[in-house]
Every structure is written in C-alpha cells, then in structure tokens.
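Asks: OK, Swiss-Prot features for this one:
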BINDING   Gly167, Gly169, Lys170, Thr171  ATP binding site
COMPBIAS  80-108  compositional bias 'Low complexity'
COMPBIAS  109-124  compositional bias 'Polar residues'
REGION    1-90  region 'Domain I, interacts with DnaA modulators'
REGION    75-124  region 'Disordered'
REGION    91-122  region 'Domain II'
REGION    123-339  region 'Domain III, AAA+ region'
REGION    340-459  region 'Domain IV, binds dsDNA'
Amino acid sequence: MAVSLWQQCIGRLQDELSAQQFSMWIRPLQAEMDGETLVLYAPNRFVLDWVRDKYLNTINQFFTEQMGSDAPKLRFDIGSRPASKPAAPAASTKSPVAPAAKSPSKPSFNSNEPAATANHRSNMNPTYQFDNFVEGKSNQLGKAAALQVSENPGGAYNPLFLYGGTGLGKTHLLHAVGNGIIKNNPNAKVVYMHSERFVQDMVKALQNNAIEEFKRYYRSVDALFIDDIQFFANKDRSQEEFFHTFNALLEGNHQVILTSDRYPKEIDGVEDRLKSRFGWGLTVAIEPPELETRVAILMRKAQESGINLPDEVAFFIAKRLRSNVRELEGALNRVIANANFTGRPITIDFVREALRDLLALQEKLVTIDNIQKTVAEYYKIKMADMLSKRRSRSVARPRQMAMALSKELTNQSLPEIGDAFGGRDHTTVLHACRKIAQLREESHDIKEDYANLIRTLSS
C-alpha cells in the first residue's frame, strides 16, 4: 500500500518540480517497505541529504493527506534494494525518457565482455579527477550527477548532458567520470572525444568504404563521452550516424555523456529528434564560478604549484576575473611565472602590475552602464526603465537582474550600485541579489537568462 502511494507521491512531485529537479533528485530514489517503515534508497550521500532537506516535508505531507494517522514512517538509506526498479514511473509527462529496455538497475559494464574491451586503451586524462575538481554552487549539481554516473554508469542519468560556457570544468568532469568508471572496472571501454573527431572518423570511414567498421566500433563502447556537441550543427550525415549510435548505446544500457556551450534546445542546426534524445536523461547547467569558488580554485592551484598565495591576493584576482576557470588559472600561472623570474613576493601591487593588461581589459568591458544596456536589450525594455520607479514585473525583474549582475561582475559597492539605478538604497540592491539567487534555484528560465547574460557580458 505504502509503496503504491509512493508512486502517487512521485506523480505529485513531478507536477510540482522542474524536469531537471525531478530527474536529479526524485527519479533515482527506490522504495521498499521494512515492517511499518517506508525506506527510500538514494544512490549517494549527496542525493540523500538534498532530498531529506528539500523534499521531506512535502513527502510527509502527502502521506498524511492520503493515510492520516496510518501514514508510514519514512527512513532514508544509501544504496538500492535487491532486484529494484527505478522509483520514477516509466513515462514522464514533463520530459521524454529513454526506451523501456534501458533499466538503470542492470550494470552495463561486464568484465567478461569481448577481448576488444579489455584491449582498449583509454584516452582519459588521469590528471582530471573528482578530488581535484573545486566544487561550488555553480557546479554542485554537475559534479553530483557526474559522480553518480561514475558509480552507476548506464543508470538513471543516461544520457547526462552538461552545458555551459568555455572553461567552466565540463571537460574535467567528463574525464573524472571516465577515470572513475575505469577504476571500478579496468576492462570498461570508455571513449572520450571532441565532436569534430567523430565527424572526421565518419568521413574517413566513408572515404575508405569502412562505414560498417565505424558503426561497430562506436556501438561497442561501454561509455561514450562527446565534448562540444554543438559542432554537429548542419552536419546532416554525422547527425544521422550519431542518432543511430546514440540509440544503440542507450538500448544496451551503455553510458552517454554530452557537453555543449548552450542548452540542448538552443543548439541551432541540430535535428529535433536528437535534441529530444539529449533530454532523455539529465540536463545540468555548469555556470561561471561565484567569488568563493574562484578564490578556492586559485588557492588549490597555488597549492598544487607549491606557492603560498596570500588570501588577500586570491580575493583581489577573483574579484576582477570572473568569466571562467581557465582564465583564472591562466592569470595565476602568469603571476607565478613573473614571481619566479623576478624573485619578488606575490602582493596585490605585484599582481596589479603582472596582470595590468588583463585587469584593464576587464574593467573596460564590464561597467554598470554596460550591464544596464545589455539587460535592457535582452528583456526588450527601455534603458530609462532601469532608473524608473515602475514596479511591474516586466520592468522590476530585469532591473533586479541587472543589479545582481552588477554586484557579481563589477567591484562597485551596494550603495554605488543603488546610486546607478536611480538613487536606490543599498538594501534594495541586496534584496534584488537575494531574489535573483532564489529564482535561479527555482526557475529554469531565470537560470538560463542569468547564464546567457553572464556569457554576453564576459565575452
């Protein structure tokens, strides 16, 4: 009875949550009765803690509404019940799911598979591991999903689609997943490549009349990771071959991970049937790192290089370079090289001198005025509305977005930002920043708008 009601509870959660939230947190759960207690199994500690913190009250409320005082007790555990089935229903009204043949409970990596698997030499970069991936709010979900895939390839998150701007850590996560899979099963055939390599291989196969060998190779892998899938755009034959390869891999419970610089539905020149399949599993945004994460990245990189980086220097760099991890690491490498060549200590003045061209470019590009104009154009409102007292949502929300971006992308104080928005109080700016942060958690559209504007302003 309780397990049956759990399926109904899943239906309610699916209606209330976004497709990404449902796929990320609810779909992987498995339910089993233990006496009078309903046990919900989560695949890892991260999912368990998140569900218990965010959704426990909703779940308890549903059971109380349905069963009153007879509602079962709830307990959370890590793992899976024997011969389990996924907690979520086989079909979803919010987003399509993979064919029924794809069962997350069946491992697709078998050490007894053909010799071709065992003889395959992995092209995973061993330096990219989960341990040296700096986690923050901007990439927390992406790392959690990638970690789950490495522990249970071919499971609930298949395919996994990671999207975000250049240099944010998508490739790092791909290699970390591959290294994790191979660590658990050295015989696994895991292939990583850029999308252009797939196209090149297919062209060579056509030229050499070896298209059947091409198909056999790509459909025999245990996991296929393709970076920058957007480069398939307008390559019709490549899309056709990848479509059939994708279907074959998922039907065989083999893991697929794809990355792109944009949300799947926004990739122009890619067939709708492929975009639809990209959303079968889980789609996660990797956003530019927030200040605390940028500082942590710099401190970790300096530590790995054997350099003592003062906290105030790390904050100085992190506050001024915001677009991506690659830019941060490149700037730090330049600082370290200059310090080694000159023998000078790394201070704020030294960093200001070593990075003067880079810092000057950043300060020139991102101003509050530039942010206001960009946001106004994005939301199709008048620039004057940014400074007006109008409170309609069509104006207030873009204004709040511009305030939040001003705090994130400039070095101006809250009072200075308020002055630039028609003389508003600093508490108004603080409220706007908190409101946008909340909406980014709750609304996919706001999250997308924020990421798109960050990319535009940082490019």
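The backbone N, Cα and C atoms fix where each Cβ goes, and this holds for glycine too.
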Asks: Counting other CB atoms within 10 A of each CB, which of the binding-site residues Gly167, Gly169, Lys170, Thr171 comes out lowest?
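Replies: Minimum Cβ neighbour count within 10 Å, taken over the binding-site residues Gly167, Gly169, Lys170, Thr171, occurs at Gly167.
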Asks: Return one of helix, strand or coil for Thr171 (ATP binding site), based on DSSP.
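Replies: Note: Thr171 (ATP binding site) is helical by DSSP.
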Asks: Neighbourhood of the ATP site (Gly167, Gly169, Lys170, Thr171): other residues with Cβ within 8 Å of the Cβ centroid, in order?
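Replies: Apart from the listed residues, the neighbours are Gly164, Thr166, Leu168, His172, Leu173, Thr259, Ile286, Asn324, Val325, Arg326.
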Asks: Per DSSP, what is the helix/strand/coil residue tally across the region 'Domain I, interacts with DnaA modulators' (1-90)?
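Replies: For the region 'Domain I, interacts with DnaA modulators' (1-90), the helix, strand and coil counts are 48 helix, 17 strand, 25 coil.
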Asks: How does the model score the region 'Domain II' (91-122) in terms of mean pLDDT?
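Replies: Over the region 'Domain II' (91-122), the predicted model scores a mean pLDDT of 40.
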Asks: With DSSP as the reference, give the number of residues of the region 'Domain IV, binds dsDNA' (340-459) in helix, strand and coil.
Replies: 93 helix, 0 strand, 27 coil
